[in-house]
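Enquirer: Please read through the structure below; I'll follow up with questions.
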């Protein structure tokens, strides 16, 4: 190995373990906040780890990185996804055609428009409401990201405290209302969140710097925001389409509706069609968000990590467009595979919550407790799978692997890194997820106030308040999560890069590499077998 050049690397010479140490900063000096147009040297030589260092360092161009084989992965799930989407299109076409032919069941914008519609089921007034909700969700999502970049540590600390306060509040509420099954579960969750506060708090500086680095990288790659906003617009359009389909399905097959001209109308048919539409909407939403994540990981973030900024001239031409072509064609089956798992878990959780509410209404506390515990367990599995999938999609983006192949390598990465090394990623996710919930809650509040002010004819008894508010919350939540996924893609890509080629980060973001090396020395060594 050639002689170590400290000026070239920006870090101290590597120790005997075979990986670079963290940069040496003056005492009380603020670390380098993140990359700028001149954050990397034009060239470097990569050191090789010794045999006992936990794996060899790989050259940036080694293997199939950014050059996956032209092979369609997981074709069965690709076909299944396309067929279910075509089924949703057919359902939507039949329902909306009948709905439009019937004049949209009447209704309009504002109080006067709301009172003119059908009093049997949801009408056109609801569409105007949810269109306004979608516009508000887009604006609020962009505003939250701007605030997060400006006040990263403060917002990260606030969201951590809010998470704890929410768990305590729910716990207290359940004890007061004598809902003992939920109270016991949230008491355990609240105690765990309180005890883990100090551990999370100590990692906020590193997590905030990681988030700032990713946001600063995105400043120099406008394609990050292009992909994010295109995905957001597609998500918003799908949400509006889903709402139109549900409203039209209610109108066409609800008994007593003016659109129901046959005996085939029934509440059971409406429930079944709405369930299928919800399944298709959730799966398609997941695929859209994950295609965006895969595009960003295999495009601007992955190219920045391994090849440096565009000014160096080593970055492949149009990396974002190339990554999108792979994600939307060759890897779409793999993305649909992982997204289907999360969708089924989400549907199962919704069913268990419905069973729990039914048991509570019928006065069966034991059944309600069991359903609550099952829903909580499924929710934990769903969160774990979503978190795991994000790294699997990055493996798919960088290597073009199948879903199962990417999952195996992701599992090896997780086992080697340990849970402590991923806490910082959790903090970033917590910060962005809380923002998404805030956007969803504000969207649902807007919908509730609109219903109260306009008092639509179909909601005279308040029977449609809950589903409309739920639709508004889902629209706000999904829009914000889609936009936040652009940032989370960069955070997760850096962690995968640390598993593959950790020494490269010492060039891209020396302050971040130094903090990681100081806090987690094991993390700055490559993962064997990945």
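Quick reminder: no glycine exception, Cβ is built from N, Cα and C everywhere.
Automatic prediction, not curation, is the source of TrEMBL annotations.
On a predicted model such as this, the values are computed, not experimentally measured, just so you know.
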Enquirer: Which stretch, out of 327-348, 349-370, 371-392, 393-414, is listed as transmembrane segment by TrEMBL?
Expert: 327-348
Enquirer: Have a look at 427-451, 502-526 and point to the one annotated transmembrane segment in TrEMBL.
Expert: 427-451
Enquirer: Please find, within the list 76-100, 101-125, 251-275, the residue stretch that TrEMBL describes as transmembrane segment.
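Expert: Checking TrEMBL against the ranges 76-100, 101-125, 251-275, the transmembrane segment one is 76-100.
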Enquirer: Name the range, of those listed as 76-100, 224-250, 463-483, that has the largest tally of Cβ pairs under 8 Å with the transmembrane segment (127-147).
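Expert: Maximum Cβ contact count belongs to 463-483.
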Enquirer: The transmembrane segment (76-100): which same-chain residues, six or more beyond its ends, come within Cβ distance under 8 Å?
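Expert: Distal contacts: 241, 244-245, 247-249, 251-253, 259, 273, 276-277, 279-281, 283-284, 287, 332-334, 336-337, 340, 403.
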Enquirer: Residues sitting near the transmembrane segment (224-250): Cβ under 8 Å, six or more positions beyond its termini, same chain?
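Expert: Hits for the transmembrane segment (224-250): 88, 91-92, 95-96, 98-99, 121-123, 126-127, 130-131, 134, 137-138, 141, 217-218, 257, 270, 273-274, 277-278, 281, 284-285, 288-289, 291-292, 295-296, 299-301, 320, 324, 471, 474-475, 478-479, 482-483, 485-486, 490.
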